[in-house]
């Protein structure tokens, strides 16, 4: 192995600058671990003349991807440019040129992960992507190595910092979704077009990656149903609190008898559940394994240096593998054929908030509908709404399947006494008091 | 690599039976990952005739350690017998016979870790010990790999389940230490001789291991100061709560300008700190890295299957290394010479509870002593104690160094107005509200 390992960076934004900074500042530690010095030799940028926040020798910058992809001196390519088609093309060609690749690109891995890993494996190259899920939290390693002996049956992830910030603020301050979103945008916690975050798509991509690894099954983006937080109201958060819950945007992945479900939705968690106190922009992934039981991994889900930590840790693994001559040997094909649950197999409790006519018999009509479908109530609140002939009813159901619950929901809207189903949320996680 | 990998187990107690169970139940997954079947071939027990909770072919059991250590058919030795001298001898001889070793023995690793890793390395063998710290939580991997690119500056661990159970119960129920200890013993959460747990020795051993890995510095057991929970009272827990803190037995390891401190003591944490809601027998390790910031790893710290999960995950790594022919290449010698802080370098806030004479001037005498030593107060409570001429004073200091604080403490006991320093605790962790 050479005296020096050369890195080519595709992209020089937030994460890219973090990578450059860590590689520069931690040379002594890197050399100790890897046995060679590590140098960022080339960085692909859109505009090499643009002023940069961090000092960089301008000969390192290039506007031509071939200076990295086809450069025989580059050993490892780090893709931190984002986007899908172009990134995919660059990564495939880098691998074909026998360069190892580290990427932070969740969109790409959720869509083309299986393909890219196959290309890597065929070319005897490593392809690592720890930074693609939950930023600085080493969750992929923990699933693939730390819990490799176990059979994982459930994962729940707070894997989107923007929505967690918004829900935390709404819950703590009683503010509206729109006000908090605006504030988050001003603070840089939300994009000017926040759709991918607030509608749960970003979280869905990460859950596809976690599902694939945790269940050893090729879970695609199409297999993940996603619902965002834009319809969540202060009232919902307030009732959740009153009833002993906290609302989070939770990615849920469960396996039962070989069949799996993966979804993302605003979810109520008992307030003493480990995920319930994960606040602000922090991320956490809760993992339940048959043998290990409950574990949780907590940390920063985004940001320049946290995400770069994950990228450089992957780089170290690549470089250790280079020293041992064992690159391209660690990725495993999925053990199981994909088997998704039907809605009848998806079991959970639910929270429902309704407006009903405030008159005799209204309540009975609702309870009859639930009981005819064999769904019982765990908790029930009913209270009149001032100056209106309407009462607000909040229901916490016992466990039921999704198909039955959706049937009940649609029948409820047909009932004359029901003015409106205001909101409806899944409930996950056992309370520690139970 | 052979069709079958043979494991020899030294010890068949709680963890050993868990290992047998996981290896048997997860054959398909193991084979998928390792490429060979995995068989527990021999188990060293004290009494081969004793009835066992799990079914086992009696030809597997042996009372002679040589059947494992010197058995040419055994590939990997798993040490789950506990104790120190004998275990050390067996492990060294196994390594010299070119067998890889996985151990769950924290006492041994805290005392002889450096020696054993050197023997392993000389013999081209792996020696892994994930299970020795925090049971099922993959914290060692996370430090060594997941955060390998970062410079860790602080670790705080709730790494002893027994004491965490006791403090949680005392705090929730207002019960006394002795009552809860007795209950914990009845439930099997505390040993009949609980000394190693309640006096902080068990936690100190784990912190020596974490300190060594996190700071890349040979931290021995002698470098870790340990104070247990046997003197903690209900009053202390009650004041802690009133002032917005939770008390935990915390292992604290900090690095500042190359110097480190490692200690274990009952510690107050702000109630919204991630560690503050780690309750009952759960463990958690909080890690602060320069680049990644705050992370936390949470899970079961003990128990048959959780600990066995860590052992078998180590086994999988050994077996993958066998397949690649790279055993004995992953352990790194410490990068840094050990440099411990002096008491002047150890900085924290403190909680102190005093009984003082309830008369004019008493309070002034105390505050003068603190201010002469340049230590200021963050919070102060004073209240009379019924039917006594004594007032209770609770002080939360601003940050000071340990030497100054201990000087103040000893001067306080000399003051005539001070009847008694009832208790004194370190405070760690920034409140998330600040």
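Cβ coordinates come from backbone N, Cα and C, glycine included.
Note: TrEMBL annotation is automatic and uncurated.
Listed in TrEMBL:
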type: BINDING; residues: A:10, A:11, A:12, A:13, A:14, A:15, A:16, A:17; note: NADP(+) binding site
type: BINDING; residues: A:106; note: NADPH binding site
type: BINDING; residues: A:191; note: L-homoserine binding site
type: ACT_SITE; residues: A:206; note: active site, proton donor
type: DOMAIN; residues: A:351-426; note: domain 'ACT'
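Looking only at the recorded positions A:12, A:14, A:17, A:106, A:206, the one with its C-alpha closest to the residue listed as 'L-homoserine binding site' is A:14. The Cβ neighbour count for residue A:17 (NADP(+) binding site), using a 10 Å radius over every protein chain in view, is 21. For the NADP(+) site, the Cβ centre of A:10, A:11, A:12, A:13, A:14, A:15, A:16, A:17 serves as reference, and the other residues of the chain with Cβ at most 8 Å from it are A:9, A:18, A:19, A:80, A:81. For the pair residue A:15 (NADP(+) binding site) and residue A:206 (active site, proton donor), the C-alpha distance works out to 17 angstrom. Of the listed recorded positions, namely A:106, A:206, the sparsest CB environment within 10 A is found at A:106. Counting only same-chain residues six or more apart in sequence, the Cβ atoms lying under 8 angstroms from the Cβ of residue A:12 (NADP(+) binding site) belong to A:20, A:43, A:44, A:45, A:52, A:61, A:80.
If you take the C-beta of residue A:14 (NADP(+) binding site) and look for same-chain residues 6 or more apart in sequence within under 8 angstroms, you find A:303, A:304, A:307. Annotation note: residue A:206 (active site, proton donor) sits in a helical segment as assigned by DSSP. Spacing of the residue listed as 'NADPH binding site' relative to the residue listed as 'active site, proton donor' is 6 Å (Cα to Cα, whole number).
Between the CA atoms of residue A:11 (NADP(+) binding site) and residue A:206 (active site, proton donor) there is a gap of 21 Å, rounded to the nearest whole number.
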